[in-house]
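K.L.:
So TrEMBL lists the following for this protein:
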REGION    157-250  region 'Disordered'
COMPBIAS  232-244  compositional bias 'Low complexity'
DOMAIN    266-386  domain 'C2'
DOMAIN    424-559  domain 'C2'
DOMAIN    960-1086  domain 'C2'
DOMAIN    1140-1263  domain 'C2'
REGION    1306-1339  region 'Disordered'
REGION    1359-1392  region 'Disordered'
COMPBIAS  1359-1370  compositional bias 'Basic and acidic residues'
DOMAIN    1497-1615  domain 'C2'
DOMAIN    1737-1885  domain 'C2'
TRANSMEM  1984-2004  transmembrane segment
Amino acid sequence: MSLVVRLKDFFLPKCKGDKLAKIEFRGVAHTSRLMTDSGEHLTLDQLFEWPIGRPIEPEETVSVALVLHSRLLPDRSIGHYIFPLQKVVKEGKLSLRDSLLDNNAKTLPATLSLEVRYTVPGADESLDGWSPDEGMDEERLLVDIQQNIANLEKSLTSNERRASWSHEQASTSRMIDKSPAPGRKRSSALRSMRSLIRLGKQRPPRDASSEDEERALLQGRSAVDGLVTPVGEQASSRAGSESSLESDNDSLLDLNSVDVTKKRLRVSHYQRTPPNLLKSQDFQLCITIIEARQLAGLNMDPVVCVQAGDQKKYTSVKESTNCPYYNEYFVFDFHMPPMMLFDKIITLSVLQSRSILRHNKMLGSFKLDVATVWSQPDHQFYHKWALLSDPDDFAGGPKGYLKCDISVIGKGDSVKVPPKSEKDEDDIEANLLLPEGVPVERQRARFIVRIYRADGLPKMNSSIMANVKRAFTGEVKDLVDPYVQVSFAGLTGKTSVKKNCYAPVWNEQIVFSEMFPPLCQRLKIQLRDNDQVNNTIIGTHFIDLKTISNDGEKGFLPTFGPAFIHLYGSTRDYSLLDEHANLNSGLGEGVSYRARLMVAIRTEITDNIDIAPSGVEVEPSYPITESNYGKNEEYFLFASIMDATMIEKKLGDKPLFFELSMGNAGNSLDGHNSSSQEIDEEEGDDYLDNVSADSACWQSTTPPVKPMTHDRLYYFLPYWDDKPCMYVRSVWPDYRRRMYNSNIIMRIVEKLEEGLLESNLQIEADSPNMEKTLKQTLEDLVFGCGKYLSISRCYLQGTAAGKTKLDRERMKLCVREIEHMASLARNLKALVTKNTIKERYKTTQSYLQRLRYLTEDPQHALPDIFLWLVSGGKRVAYQRLQAKDLIFSVVGEESGKDCGKVQTLLLKLPGKKGIGASGWVIQAKLRIYFWLGLTKHKKNFVTGLPAGYEVAQEIRNAERPRALPPSVIHFTDKHYFQLRAHMYQARSLIGSDASGLSDPYAQVVAGEWCKTTQVVDETLSPTWDELLVFPELMVCGLGEEIKKEPPNIVIEIFDQDKVGKSEFIGRAMAKPHVKLLSEPYEPPRFPPKLEWFEIHRGPDYAGELLAMFEMLEVDPGQLEFELPALPSPKDCLIPMTQDVGPILPVPPEIRPTLSKYRIEVLFWGLRDVKRVHLLTVDKPRVDIECAGHILHSSVITNAKRNPNFSTPVKFIDLELPEQELYCPPLTIRVVDCRSFGRYTLVGTHMINSIHRYLFNPVTKKQREAEERKKSAQLLNTADQLANSISTSNYIILDTDDTNIQLSKLAHTGPGTLQSKREKTESNRKRKMSMGAATDDDEDSKDWWTKYFASVEAMIEETKEAKKEEQERENQQNGAACGQMAEASSSHGHHEEKKKIKLGFKSAGNAAKMANKWSPKAMKHAKPKTALLKIFPSELESQPEFNTFKEWLQTFDLLRGKKTGEETEDESRVVGKFKGNIKVYQWPLPKDIDDHTIMGFDPQYGFFQGLPSSDPIHVLVRVYVVKGTDLHPMDLNGKADPYVVLQLGSKRISDKEHYISKQLNPVFGRCFEFEATFPQDSLLTVQVWDWDLVGSDDLIGETRIDLENRFYTRHRATCGLPNKYEEYGYNAWRDPMKPTQILAKLCKEGKLEAPSYFNGKVKVGSKTFGLNNDDPALMRGGKLLEEYLALAVLKRWEEFPRIGCKLVQEHVETRPLYNPDKPGIEQGKLEMWVDMFPMDMPLPGPPLDIAPRKPKSYELRIVIWNTDEVVLEDDAFFTGEKMSDIYVKGWLKGPEDCQYTDIHYRSLTGEGNFNWRFIFPFDYLVAEEKIVISRKESLFSWDETESKIPARLELQVWDADHFSADDFLGAITLDLNRFPRGAKSSKLCTLDMLKVDGSVPMVNIFKQKRVKGWWPFYIKKENEEMELTGKVEAEIHLLTHEEAEKNPAGMGRNEPDPLDKPNRPDASFMWFLNPFKSIRYIVWHNYKWTIIKGLIFTALAIMLLLFFYSVPGYTVKRILGA
């Protein structure tokens, strides 16, 4: 479909210069070539084409502009011309000559001439219509089209540049939503998010391999991609982007025309559904609060509140610290649907603990939802730091960090501890608790949800009172009071309530303030009805923020609408007790349309400090003009029912009819409620309701018809020739583009899925065509992407790009993604080779996931369609269909997959009735035709109907929009078929009887007919071998159409019960093979082969059916002659109860061909058999049934005494199908032989496929061919591989492999190996320097030394494995040749390494070796710690041990009915059968070159060389090391665990050693049993919680099958240590030495005994020797033999025929489960089991693994001086700065705090103390933790042991007498790693606290004593550290014994007193020393003032006395006195 415009010429007088013409349609502009100035007449004659994806509307226009072109100046417009396309749409072409217009729309004296052509699908799309004289050949046309595409891309690129420029001009404050104009580009404000934030990856997660591969592919793209040809260049150049989407083929066909030969797959109506999100399940949310750091504030008492949903739990309060350590574990149990759980909000809040009278103060909090945790790898965050922020103080920045683990555990999930990361766990920035891709710096955002209006609401109140009120007052009111409630991130906002309104208008906005990106993804919108008693929900809708936003350079913030949300729920009829009310909450599929709601969502990022605190605000909002976002269009929905069959018996009595509805349109029972409120005239258009109440717009129901039946099994409606029709007209906004976009991508997805399925089948079968198939799949993907882009690009501009911002952004996203996908697929196709096909297949699968993400549009387009079956005026059954699957488009790719097609619908019961047993039954089966489209496209509504109908007048008038469609379609073309159902057998059916078996029969339903097979009694794998013939089946339509799309056959399997109704087992759907009259019945098509069809019961798998169905067309007059003959009937052995006619068998040509097979069975024994009918099972027998043959075991005479069989091996010969596909299942039945010849069935086990037990022997010829092939491959790879040491008979052993990594690093070559070894050694040294001080003497080592060393080795091993995996993935991304080269080079390095091992390279090496072995060197050499293997899961689950079932399998015996409930189904297990089965063709080939599991010749039977089945006495030792993450059982969030063991009748309880208040207890206990196998074979280890009052609670248990371990070839009785030592912590504990074990294994494998000579050992044909530098060579004698034997045992799996991996010394980690919470892990238990036969020498005493007692230490800290302490106070008299300094510190906690005395009146910040702190503590060296034992409260029964890090806290304070002391600064020193003290005060700076490795660190446990200066600091609000003082201290660590020998007093007390500090005289307390105060305060500061005052006073007195005495003295002198 395209629009082509040909610009012929221009007439332009008096205008000089070069001209250009620009022509534009739908926003896409083309530019003509340059027209040089050649006079007034300019001839152009150029063609312009627009490929279009949707039809042209008559009102659309094309604009032409003529411009004057200048190289230096901008182009100047001459004139323009705009013409509408109305005539073009009608006639298809247009030719005109007209005048140009200027900018003022005035006519110019200039004209243009042009022609237009519009081609639509079905029309001739070639351009032959143009006259030949125009000279437009095809080549020229092709060039012009390419030029136009280049122009199109150029215009797109320029638009993007323009938009990005405008983005830089925009400011964040303009993000407030305004109604965007239709043609406007993306909002510049939201576009600025590129600079603000990068969202996490919103696409489905890809694994690292696919990302690396993608990067490699992108680098391989052509450099031409994306280039655009400039206008001025020659026209023959191609656009690069077009070539980038081309296929490798020369010509591409339309997607619909590509004829893909599809492999006939199994037909299954049901799809495997993901886990049911609506079914309630058990979940555990586990949160560990480890510690907090950098909390904002000083000297606080923090407590953490953990809230999940409505549940709150608190940690303990930590006093006087801002970096508290908690390590507390919390578990929240939930029983709810996953959908509800994922919306729960997890809030972690740190609070400042206050007194009882005041509330705790919030310091900071962190929020995320459970869905975010669930989406993480293994559903957990491990050791991550949550960034705390204050919701009310956003501008304040981070308030601290909280380290925690968060995990969600569902049923069957195992808790995995992630490998230790390379990142330092203390590096907060690198380990933040954020999903991948979410930035560290999150910002504050406002999420604005605008609620505009709603309509179509249902009645929500009773109408009785309303009718009474109306009778009295005449007032009419709507019976609903709606309001909208929005929930997001734990916050909820509500609009106002609109009283009595079916069409409420709110125009309000709800604003949520939250961090962006939010860690809560779902937003819930509920429309509710306000009620005085209880607010009820009308409908619920969820919006996932991931679907309405995108990250990346061109991403966009969350945005939505304005758009209507369609709400669904229960049926619209109001009732007080609504049985489907939960559907309105979004729990389940809504069964009816409820309302629609106009909503918009916008996001504003803001850095404004004045923003409102976190919360919800409701504000008024401006109304919008809805027509701007989509004009209303009338839609036409048509349906015609071809047939209605399989109607349930209950519905057969009353007439039935069907109702079709879309929204409220078509709902004839309880649909539209007209509102009493009138809408203003001017608002009438905006508030146009979707439908009117007048039913003239639809005929939505069929006429009521009473069902009929032929057999009273199922009913049908007699729609034989006349098919009833329904139609609905309704008005909705035009959002078809959303559906079209999804449909095109869905077609690509379906095509890719089909190709991947085909590729997978071929890869599994190793087909030679697999490479070609995958390449074709990728080719189809490239072609599909290209098709999408060609259609979609037309919609990227103008109004067609989308009505809302999200529409436009999604369209751009889809185009980008699919263009990217096409490029990747094209490059990947080139890399597909036979060697890499599996990796390429996985990569292609990742493309499928990415495409699926694009298919669902979050904005609704049209409401869903409902089809209801109505009986007796009540809705009975329904089916819901999506509008996008039915929508019509003139472009085929955009139409829905079911539009204009006949499809099969199975109607189901609504709500909860449709779940469970009632939902298994089909209510009705319909074959129905649907069409949905605009009314103007109504002419197409019958195009997809099956041909052969009578064209009625209504169908002829289909083109007229208002003409009524037909009410009935009459079919005249009918075909009659005979259906033959070949029912052969079924397998693995569901047990429906109490015995666990069924009595199955099958019902085959074809159209209105139903036939039944015979009943096969007591089996789950019935073989019916019946041919059911349906004589006359009528199908309407053309024969070829019927052959292409035959009607489905339904097969239902039932269990016949003697009393009551038959029980439903399952259902299968099948497509028959159709043979028309004109076709012969001959190969290859006929007869078809039998096929397996999957049987389902509801969503559950219920078995498989082997059958075939063929429809043979017949002519009613000649039935006898045209069909293949029927087989002869079976002989009826059972008398028939009713006349069912002869029973026909399946014809021989259809049956599978048979061969002779032998089934050999090992009958070992029965275990844990429960009572049957209250009686114990004493004499059981096992029967193995296959294809009607039964093999009986011997009878166990006394099951209590010995439950093993006396005759263990038996076999049976029988005939089985040659093709494994058709092999019948095996049934294991156990019966109890009781008195009087009675047999009681105990239980059964079904083996559906014998593939696992089938043995295909390898002959000598096959073996030789394989070896030749291998040798050829080795020669091709590298010549030296032929002479590889590993294939020679001399093998080098390594007795010391404690360094596990060395063997794994062998491939990296000698240089790398050496460097890695050195690196590992340096790392180890560094860690040892950090670790605790341990003596290197062997005597000081114990089992825990080995354990902790092994934990470290396991962490290193995990890291290396991770690195290797990454390297492997990187290698896989390269080409195959590169991989081969790397492999050969690495092998060369491997060989080099081995050669180095063989001997000395030079004399220098020999000298070094001699020095190494010298006695002096040996004396100083430090022996390495022996290691054991720590398995992170159960021992039997390790892949190398094959679950210890290599020859002894365990089969669960089932009894009872399968209900579908997991808990009930688990209780069906009544016992276990131990044995094995082998199936092989008999006789075996003579030249067989193969062996049995035990290494013997299979000609003499498979089960040779097995141990005796007689009872054996065994000593069992169970070592329980420790428990981790146990489920809390007490109210305080803790448990008091202890261990209970049970083996057979013996039970050991360790209750007296319970561990108080601990969830990670270290048990360190060994328990001994004397057991007898087989009676005591199952060991149960339980962990219980001790309770002071009441009964103890079971925490969890684990079960171990000891018998399988005892008899396995892997020798799991006692693990082999890595080293052989005779004494010490690693002493050999097995009573058999390595030499004895090796000799025994050789004897059992029929090898010669091993011989030892000259430091070598010969076993069989291989000789083993040690390395020349192995220290074991120095030992010699018997000890050397033991070393050699142990080294051989560790490589026992390398021996052919008899070799297997032997179990090494280990600790296994077993999950604990509680029977009350099945499948949910309750913690883990580390343990191992040793077993020793009692008939052999007994072992030594058990290992002592008692928990290490903490070592007692005493830490002495002398505070000498302080300096530069900040001066906090002002002097009372003088006002000068000073501080009264004192220092306090603690180790265990603030309650352990010690203080120095006070240095008063420090004026310089200097303080002198000479004060000693003494802290005694108990310390666990290996764990680096201080152990504290104390009672938690006054009422605690016993002490609780807790472990905290060894951290010393020192703080400096200013003492105040009349107010609280002032905190000045602090420092925290980790005693295992703290900075070395500075030598002087000047050198002491904050740089000492850096953790980047630049500062030397000290370990006090190594250094013992250290002295220096350390800085005090506080953290400012901006997280910067401020120096507030310095302290000179001496830290001295002593053991308890040393402290007793050298006692010291606290402070300055005896013994060993410290000198008094030399403090200044001014240091005193002023009010206690008044004289000193006068001297040092008054005199010191006012000395000169006082002196001056005294002098002045003296002078004044003297003057006063002088003047006082002068007159008298003068008188005296005068008088002469």
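Glycine residues also receive a Cβ, built from the backbone N, Cα and C atoms like all the rest.
No curator has checked TrEMBL annotations; they are predicted automatically.
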K.L.:
Is it possible to list how many residues within the domain 'C2' (266-386) are helical, extended or coil according to DSSP?
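P.N.:
Final tally across the stretch: 12 helix, 60 strand, 49 coil.
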K.L.:
Between 0 and 100, where does the mean pLDDT of the domain 'C2' (424-559) sit?
P.N.:
83
K.L.:
Find the member of 1140-1263, 1497-1615, 1737-1885 that has more C-beta pairs under 8 Å to the domain 'C2' (266-386) than any other listed stretch.
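P.N.:
Ranking 1140-1263, 1497-1615, 1737-1885 by Cβ pairs under 8 Å to the domain 'C2' (266-386) puts 1737-1885 first.
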K.L.:
Where DSSP helix means H, G or I and strand means E or B, what are the helix, strand and coil counts for the domain 'C2' (1140-1263)?
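P.N.:
Per-class counts: 14 helix, 59 strand, 51 coil.
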K.L.:
List the helix, strand and coil residue totals of the domain 'C2' (1497-1615) as derived from DSSP.
P.N.:
12 helix, 53 strand, 54 coil
K.L.:
With DSSP as the reference, give the number of residues of the domain 'C2' (960-1086) in helix, strand and coil.
P.N.:
6 helix, 63 strand, 58 coil
K.L.:
By DSSP assignment, list the helix, strand and coil residue numbers for the domain 'C2' (424-559), in that order.
P.N.:
18 helix, 56 strand, 62 coil
K.L.:
Counting each residue once, how many in the domain 'C2' (1737-1885) are helix, strand and coil under DSSP?
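P.N.:
Across the domain 'C2' (1737-1885), the residues distribute as 3 helix, 78 strand, 68 coil.
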